[in-house]
Amino acid sequence: MYGHLSLSTLSLLAVVAAAPFPESWLQPRDSDVSQLFRRGAPDPKASDYLSYYPSPGSTPNVSTIPQAWLDKLATVQLPNVSVATANDGRPTYPNNENDGDSEICSFTDQCYVEDDLYSPPGEKVWALSFDDGPTDVSPALYDYLAQNNISSSATHFMIGGNIITSPQSVLIAIEAGGHLAVHTWSHPYMTTLTNEQVVAELGWTMQALSDLNGGRIPMYWRPPYGDVDNRVRAIAKGVFGLVTVLWDSDTNDWAISDQPDQYSVASVEAYFDTLVTGNRTQGLLLLEHELDNNTVEVFETEYPKAVANGWSVKNVADAFSMKWYLNSGKGNDDVVTTMSVAGTLTTAKPTHTSTSVASATATSSASVTDSAGVSIASAASSQESSSWPIANRPSLFVIACGLALAAIMV
């Protein structure tokens, strides 16, 4: 589920680097995106916490998409790239279109663009990241990171459905100083989704992470299976300001199996050894997972070897000398740099489907925080009845506006 053999280890020399995005694909640098996400965060301990989000495990229904996201999508000029079709684990395009062409630039065909993060600069810099969390083994991994004082040196690309079903694990990662990023809502092949479905997969995951992390807006995302093309890139960056993160080497830890013809812990560790104990000095951005005990075991075995061989371990943002979040600098306790206003908090009660709402209770609790993080004002609460679907609720958090987005697009 979490990988496929056509995306095995990528050689630097085999990867086709395409030109940077045409400027016309992206939203204007002075565009106001602050209205995309604005609302107070729900309490993850509350019994109705899950009702604030789409159901986990599948792509959110387009009816759940806030209108502000769709309005922003409508302003983004997208490249002329068709929606792909899943074909035995490899997305294919209609009319015999070549996924490696620069117009499409699918990473499935080992093509990436200049704006993608692929291999970190600097000698012996390991950009440490883990996909697919939080899972049952995540707390053990987070303990190991903390014991080795490297919690803040890891980026966790989290799945939205996992976030809302295991919010306490996310909070542990946040408290320890982990860097949080987006791995979509349900781990689909993104190039096979419509534009609106891509928006839903990314936006709701950003929403869930920001709600738990003090309004900090994720700045990075990694496509499941590495499945991204120029259409999906343009939506991610044009609508949400997200930077696409890929990898220069696949550890294949996701493929570990007891079957004799599959990868084993020993074989994955042997390949890992060639990366961190050999003569390589160029930076590493590996595909690794917090998926099960095997993936955690591989990392815990290889990390000491890397350190002993002079590797410097950093999270993705630090490895590329970039800030952690769209609206905050470095760390989970750094000041949120844009003005933030918590709007109406609406509790949705699902009825017969995961995307319809029969009734809602709205509690308004507005507050304003200045650039120094000082609370300026708060408003009283009120309750009222409503029958809004999720898509019509006020947005949930403040995303970085013009200057923040411009900074990452330079």
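Note: Cβ is positioned from N, Cα and C throughout, glycine not excepted.
In the record from Swiss-Prot, residues H183, H187 bind Co(2+); the candidate from D132, D248, D250, D253 listed for the same site is D132.
If you take the Cα of Y225 (acetate binding site) and the Cα of D131 (active site, proton acceptor), they are about 10 angstrom apart, rounded to a whole number. Rounded to a whole value, the Cα-Cα separation of D131 (active site, proton acceptor) and H289 (active site, proton donor) is 5 Å.
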